[in-house]
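*Asks:* Below is the structure I would like to discuss, written out as C-alpha cells.
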C-alpha cells in the first residue's frame, strides 16, 4: 500500500496528457528544437554565460527567453545607412569621372614638363663668319697640291640632304648673302708666293720650255673645297633676285637681294680649277656653274623691267659695301683693280664697292667680230655705245697671251707675263694647249656696273643727258609720273624733260623714239626752290628752260642758263666752265641730281679680266656655310617617378655632404643665360664641358648606336651652352667658378636619357623669358634661333638678375656668418673711423718735426762752438800785437806833432802769419776750450779747417784792408789795463 501511494498518479491535467495521436512532422520539429536547446546550453557552459532568465506570469506559467532591450539610436541608424549609401555613390561617380578625364588626356602618368633636346634631322645653324670655318681641298693630284685624296669626303652628287623651303625662308628670310671666302684667297697667295720664290729661275727659261706647270696655270688641275663635320655647305639650286630699300627720292634700289627657294646640304663644292692666272675663256666643264650665276628676277615681285623691251637684268649682283680682298690680305690688292668693273670709286680694291656690280656668263650671240651690238654705229673713237662704256674691246689678256676679243680669229701674242691678281710676273713657258684655236663656245665672264642702279625698272643703259639739253616739256609729258612709278607716265616726243613729280619733287624724264621712257631721275627739291636758284644765276633773270628746236633732243635758248648745279667750289651756277674756248660737258646722274657729273655713260662693262681667285669667288656664292644641328629644343613630359629614381641612383654614387637646402634660383638664371647665349655659342670646347664629360658618357659614346650618338651630341651641346652662359656671367660676376663647382657638386644641373631625349632639371615654368610651350612637339632649331633673337634685348636685365641671384646664393652658401660684415651692415661705421686715414700724415709730420729739431740742435751747437773758438782767436791776436810802452810813446809823439815815422817802422817789422801758424794757434785754442772735450770733440773738429782758412784769408788781406784797419784801430784804442792777462802771450811775441 505504501509503495502504491508513493507512485505518481497516472491521472494528470488535460494539458499534460500526451496527444493521442502525433504526426510525423510534429515529431521532427520537436526533435530539432531539443537539439537546438542542447547546443545552446553547451555553448553557454563553454562561454561562461548564465542561463537564460525565467519569468512566471500571473497564471504561474514559466516563460524562458532573452531580455529584449530598447535601442534609442534606431532611427538614426536607419537614416545614417541611407546617407552613407548616397555618399558612396557620389564618390563612385567622381572616381569614374576622374578616370574618364585622365583617359582623355594624352599622358595618363604623373609627369612634369621639362626642357629637352630632341632629334631634328633637318636642323642647321647658319655661320656668319666663314673665316673661322676649317676647309680643305680634295683632288686627284693631292700630293702635289697639298690636298686630300678623292673619296676622303662624301660625293656631293650622291650624298646630300634636301632642305625644305620653309626652313630656308625661316633661316635666311629671303636673303642669300654675299660671302668673301678666304679659300680662293689662300690659293691665290700660294700661287703668288710660289712665283716670287722662283722668280730668278724664270729668267733662264725660253718659250720652248715645257713642264707640268702649264696645267696648273691654265686651271687644268681641278678639285673641290670641303668642310668637316659639324659644318656643311648649303648649295642653292634655285634662286632669283628682287629689289629692296627703294630710295623714294632718286628711285634707285639700294639693295638687290637674292631669294633661294631650293637648296641641299652637302660636304663639298662642285669641281672647279684650284688655281689659275687671269684669263678670258674658261673650260667647258665650268659652263654649267657659270651659267647658274645668271640669276633672273623673281616672278612674284612684278617688276617694271619685265614689261620693258630689254627685259630684266640677269646675273649675280655683288652688293654695295662688299670687300673683295679683306684688309688682312691687302698685299694681294695691287695698285689698280685688275678685274675691270669690280673696283671701288677710286678704281682700286682698297675700299668697299660703292656701286653694285653684276657678274654673269656673257651672251655673245649678238656680237659681231668680237664687238657688242651696234658697235659700228658709235662715234668714231668712242669707247661706248647705247649708254655703256666698254673696256678691253679688241685685245684681251688670256694666260699670258694677248688674245683677240673675236673668238673666231684665234690671234695670240705671247706677252711673257702672267697676271696673278695685281702682280705681273715674267715667265717663259710653252703651253700644251693651242692658243690660236677657235674659242667660240667657251664660257666668258661679263662684268658690268649700273651706276644709276635702277635695274628693277629697266635693263637698258642710257646716255646721260647734258644739262643744257634738259628743257620744259610744254605738254610733251602727260600722266602721273614719279621715280617709283613709270607706268602712268607717257611722252610724245624724244627729249629730256623737266616735270613735276606726283610726290612733290622734280623729275627729269628721258624719252626716246618719241614714245619710250628709258629713264626717270628725281629729287625732292620742288619747282619753286629750283626756280629761285635759277633766277639768282647771272644773266638768267629773263631766261627760261623752254625747249628750242636746236638738235634732235632740243636745248635751252641760252646754254649759260641751263638747269642749276653745284660747281667745283660747291656753289650754285647755271653755266658750265669755259677754258681756252673749251666748254665742260656736264651731265645729270640719277643719284646725283644737282652734282657736277662728267661721266657720259650710265653703265660700264668688260669681258673677261677675272683670274682663278675671282672665278672661285663667284662660283662659291651659290654655297652658304652652315653648322649641322642634329637636335633641337623642345618640351617633353618626364614622369616624376622616373626622374626621382634617376636622381636617387645618381646621387647615391657620389659622396654625400651635409649642406643647407637651397632653391634653384641660381640654376634657373644660369640656364636662362645659357639659353640666351646658345645662338652665339662659340665653335670651341670649353674646359668645363670637357670636365663634365664623365667616363660613363665616353664609354656610352663608344658603344652607342647612331641614334644614341645624336642624343649624346645633344647632351654635349646643352652642357656647352651652359658653359657659354657661365663664360658670359664670368665677365660680369665675380667668383662664378665657385658657383659652377657648387652646381656640379650638388647636382643642381643634371642630364639623363629618357625616350631618346636629353632632359635637364630646368622646368618650363621657370623659363620666364622664353615661350617654350609655343614650340612643343614641333620646335625646330630655326624656330629656336628666332626665339633667341627676340629675347637678346633682355640680356642686360638677365645679367643684372643673374648677378643678384649669384650674390644671394653666395650669401646662403656661407657656412660661418661673417660677424664683421653683419655688424658693419647693422651699424654704419663708415663715418666713425674716417679720421684714421689721416694717421699716416700725422706720424710723418711728427717724425719730420723731431728730425728738424735734431738738425737745428746740431746746427746751433756748431754755431756756438764756432763763435767761442773765434772769440778766443781774437783775444790771442790782441795780446800778440799789443805794445804798451810803444803805444804811449807813440801817442805822446803824435800829440807833439811828429810825423809818425816810428809807426811805419813798427808796421814794417810785423809780418802776417803763415797758414801753419794759424792752424797751430787755432788747434791750441780749440784744445783749451770746453768744445775740445768729451763727445763733442769729434763733432766740432770739422769746424777747425773752415775757421783756419777764414783767419788766414783775413791775415793775408783777401777779405779787404778795411777790416784789418778796423781791427788795428780797435786794438790801438784799447786800454792796457782793460785787457786780460794771457798765459802764452810771450810765446807769440817771441
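Placed from the backbone N, Cα and C atoms, the Cβ positions cover glycine too.
The shown structure was predicted, so the numbers you read here are calculated from the model rather than taken from an experiment.
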*Asks:* Which one of 818-838, 839-859, 860-880, 881-901 shows up in Swiss-Prot as transmembrane segment?
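*Replies:* The range carrying the transmembrane segment annotation in Swiss-Prot is 839-859.
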*Asks:* So which range, 712-728, 729-745, 746-762, gets flagged region 'Immunosuppression' in Swiss-Prot?
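*Replies:* It is 729-745 that Swiss-Prot annotates as region 'Immunosuppression'.
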*Asks:* Need the matching range: Swiss-Prot marks region 'Fusion peptide' on one of 621-641, 642-662, 663-683, 684-704, and I'd like to know which.
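*Replies:* Residues 663-683 are the ones Swiss-Prot records as region 'Fusion peptide'.
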*Asks:* Of 786-821, 930-965, which range does Swiss-Prot call coiled coil?
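*Replies:* Per Swiss-Prot, the stretch marked coiled coil is 786-821.
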*Asks:* For residue 500 (N-linked glycosylation site), what is the secondary structure by DSSP, using just helix, strand and coil?
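*Replies:* The residue in question, residue 500 (N-linked glycosylation site), is strand (DSSP, three-state).
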*Asks:* According to DSSP, folded down to helix, strand and coil, what is residue 434 (N-linked glycosylation site)?
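*Replies:* For residue 434 (N-linked glycosylation site) - judged by DSSP and reduced to three states - the answer is coil.
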*Asks:* Out of 162, 259, 474, 550, 862, point to the one nearest residue 438 (N-linked glycosylation site) in space (Cα versus Cα); all of them are recorded positions in the record.
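*Replies:* Nearest in space to residue 438 (N-linked glycosylation site), counting only the recorded positions, is 259.
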*Asks:* Rounded to the nearest angstrom, how far is the Cα of residue 526 (N-linked glycosylation site) from the Cα of residue 862 (S-palmitoyl cysteine)?
*Replies:* 99
*Asks:* Near residue 500 (N-linked glycosylation site), how many other Cβ atoms are within 10 Å of its Cβ?
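*Replies:* I get 13 for this one.
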*Asks:* Give the helix, strand or coil assignment DSSP yields for residue 550 (N-linked glycosylation site).
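*Replies:* Looking at the DSSP assignment, residue 550 (N-linked glycosylation site) belongs to neither helix nor strand, so coil.
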*Asks:* Could you state the CA-to-CA distance between residue 259 (N-linked glycosylation site) and residue 474 (N-linked glycosylation site) to the nearest Å?
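*Replies:* Cα to Cα, residue 259 (N-linked glycosylation site) and residue 474 (N-linked glycosylation site) are separated by 44 Å.
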*Asks:* Nearest to residue 434 (N-linked glycosylation site) in three-dimensional space, by Cα, is which of the glycosylation sites 162, 514, 526, 550?
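*Replies:* Closest by Cα distance to residue 434 (N-linked glycosylation site) among the glycosylation sites 162, 514, 526, 550: 162.
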*Asks:* When the Cα of residue 550 (N-linked glycosylation site) is compared with the Cα of each of the glycosylation sites 162, 474, 490, 526, which one is closest?
*Replies:* 474
